[in-house]
Amino acid sequence: MRIELEKRAEHSQLMTVVSPLIAIGLTLVCGSILFVSMGYNPIDALYAYFIEPLTTSWSIEELLVKAGPLVLIAVGLSVCFLSNSWNIGAEGQFTMGALAGSIIPVLFYDFTSPLALPLMILMGILGGMAWASIPAFLKVRFGTNEILTSLMLVYIAQYILDFLVRGPWRDPDGFNFPESRIFDAAHVLPKIGEGRLHIGMIFAVLAVLVVWWMLSRTLKGFEIKVMGETPRAGRFAGFSSNGVVWFGFLVSGGLAGLAGMAEVSGSIEQLTPVISPGYGFTAIIVAFLGRLNPIGILFAGLLLGLSYIGGESAQVSLGLTDKVTRVFQGMLLFFVLACDTLILYRFKFASSAKSMKEAGNV
Amino acid sequence: MSDLSMIEAVLLTIITASTPLLLAAIGELVVERSGVLNLGVEGMMIVGAVMGFAATQATGSPYIGIVAAMISGVAMSLLFGFLTLNLMANQVATGLALTILGLGLSGMIGEAFIGQPGISLKPIALPVLSAIPFVGPLLFNQDILVYASYGLVIAVYFVLFRSRTGLIIRAVGDNHGSAHSLGYSVIQVRYLAVMFGGACSGLAGAYLSLIYTPQWVEGMTAGRGWIALALVVFASWRPARVLIGAYLFGAVSILQFHAQAAGIGLPTQLMSALPYLATIIVLIMISRNKTLAKVNTPACLGKPFVPDR
């Protein structure tokens, strides 16, 4: 007896929805095994990780603060991935967006007009776009592998940030700490309510709606999907493959840049050498878990946001290392990819002899 | 210190910086020749680094550490193999998943080892050869992993281009349909190649945590896995060129250190970004010649093989 994969005639609609849920379930099972192996009661650990953060309004707010950038970046990445371009350097575009968005609060801190924030937002988006345009240009012009170039640019962006906050952008009154000056109130994104939640989450929701509309209701969306799945057919239809590469990279870079600007201006309120707990990479998981669908990404972003908060909460209440978060995230992506098989294929249990006979009949 | 021994010292550090790149890249070269793109080199490498360090601390023997690193690299690669070869998952996404998982796992496992002094692997002087002036102490008074890297380059060259096995591997990578029709098991060949790549990445990780800096530092691979992937492209999938490329990159990263030490006017961060910038420049130079790239790239690279029975 052996297990074989049989290609389905068409995508399974049911599995499109169910497979991410199976993946989450498998991740929880493996997570429990992990907790047991580390000597924790799995029920307590899972509770501390996934339920406890949802019991206080403070941590729900914090969850939204974390989910905001994840959703923003992932929505952009979904456009890129759908068109079969692999921008995996969102972390770098996030950093450059944060830097560009910080030019006004750090260098022109006297400029406190109401125009300052909209300008910062614009500069953040442009900063991310500019950084994403490097791999896009190299791919279109020379056919250079965009995976490697966009990733290398992450390291370069991080060194630039490090250089600026330790060098020219360091706060002159900051006792030599590697930090920029603290942003003026006019350069901080408005808060929602009393806590830390800022309007970055609204940007994320808007991005979800706009990209959803673009992908499902416009010709551009159709073009992206056609060029991603069957580039040959797309070219016959008159779509430009270079145009789609540019579009995907600029959208994903711009949104990652916006996320970076929002994180710095809304959450941290100054520049520090580390401004992201790996949002740009986690957003890749969010994009896949959300099935590259903006609405799905919204939910996936909340779940991955929860994994960050849960890591902190489990560290406080159980003394569990917060490194577990990254393991959870990695396992989740693995299971999501594995379960995707169910959409295109069905499992068939067949004895070897029987499958040989079937092969003979064909 | 005389000029000659100064040059020798610099060259020695270049070899040290190049070896992990070379080990990982020569493994990935075989993987890609068989038609599989495993972007998880960074993840396999860092798990190799932490497991190598952990096993060495537990047993006191760096050699056991090396074996542990290889085994853990293979284990990681099997995960990748199962998803991409059995479940037909997207290779790019799965490779990324392997890297994310590897970085997470290594952080968790390594937490207990942060700050512990490691046991370094001692160099072994090869008799006669190491007595050759200048070249001898440089090339033949090295640790076992440097010798392994020389040996792997030669072995991979002979197996890939001078043996029947290599012909099969390349056939599978260039046209999996035909290879399948001829009766070769595409999936099996690819599994073996992927496992070889995992073992090599594990070795590269062990080199970092046992020799390069004999301690565990979180994220100590620092993108070397990705640079190794770029090296394979740079080498247009040829073993000898991987050797040249790895040493070139090692030289860039070491000269950058020396330039910093010599007090060159540039900020240290920009110098540290140099190897990554160099990677991009090299990729551009290689991809500018489109026909060359097309001729050398394994034709089935990254394409899943679905046997039609």
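Here the Cβ of each residue, glycine as well, is placed from N, Cα and C on the backbone.
Record features, source TrEMBL:
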type: TRANSMEM; residues: A:21-43; note: transmembrane segment
type: TRANSMEM; residues: A:63-82; note: transmembrane segment
type: TRANSMEM; residues: A:94-111; note: transmembrane segment
type: TRANSMEM; residues: A:117-138; note: transmembrane segment
type: TRANSMEM; residues: A:150-169; note: transmembrane segment
type: TRANSMEM; residues: A:197-215; note: transmembrane segment
type: TRANSMEM; residues: A:236-259; note: transmembrane segment
type: TRANSMEM; residues: A:271-290; note: transmembrane segment
type: TRANSMEM; residues: A:297-315; note: transmembrane segment
type: TRANSMEM; residues: A:327-347; note: transmembrane segment
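Counting residues 6+ beyond its ends, the transmembrane segment (A:197-215) has Cβ neighbours under 8 Å at 61, 64-65, 67-69, 71-72, 75-76, 78-79, 82, 188-191, 221, 224-225, 251, 255, 258-259, 262-263, 266-267, 293-295, 297-298, 301 in the same chain. The largest share of C-beta pairs under 8 angstroms with the transmembrane segment (A:236-259) comes from A:94-111, of the ranges A:94-111, A:150-169, A:271-290, A:297-315, A:327-347. The stretch with the most CB contacts under 8 Å to the transmembrane segment (A:327-347), chosen from A:63-82, A:94-111, A:271-290, A:297-315, is A:271-290. When each of the listed stretches A:21-43, A:63-82, A:150-169, A:271-290 is scored by C-beta pairs under 8 angstroms to the transmembrane segment (A:94-111), A:150-169 comes out highest. Tertiary proximity for the transmembrane segment (A:21-43) is limited to same-chain residues at least six positions away from its ends with a CB under 8 Å from its CB atoms, namely 49, 289, 303, 318, 320, 324, 327-328, 331-332, 335-336, 338-339, 342.
If you look at the transmembrane segment (A:117-138), the same-chain residues 6 or more away from its ends with a CB under 8 A from one of its CBs are 85, 87, 89, 92-105, 144, 146, 149-150, 153, 157, 186-187, 189, 245-246, 248-250, 252-262, 265.
Among A:63-82, A:271-290, A:297-315, A:271-290 has the largest number of CB pairs under 8 A with the transmembrane segment (A:150-169). With a cut-off of 8 Å between Cβ atoms, the residues of this chain six or more beyond the transmembrane segment (A:271-290) that come close are 20, 23, 69-71, 73-75, 77-78, 81, 88-95, 98-99, 102, 106, 154, 161-162, 164-166, 169, 178-180, 256, 259-260, 263-264, 296-301, 303-304, 308, 326, 329, 332-333, 336-337.
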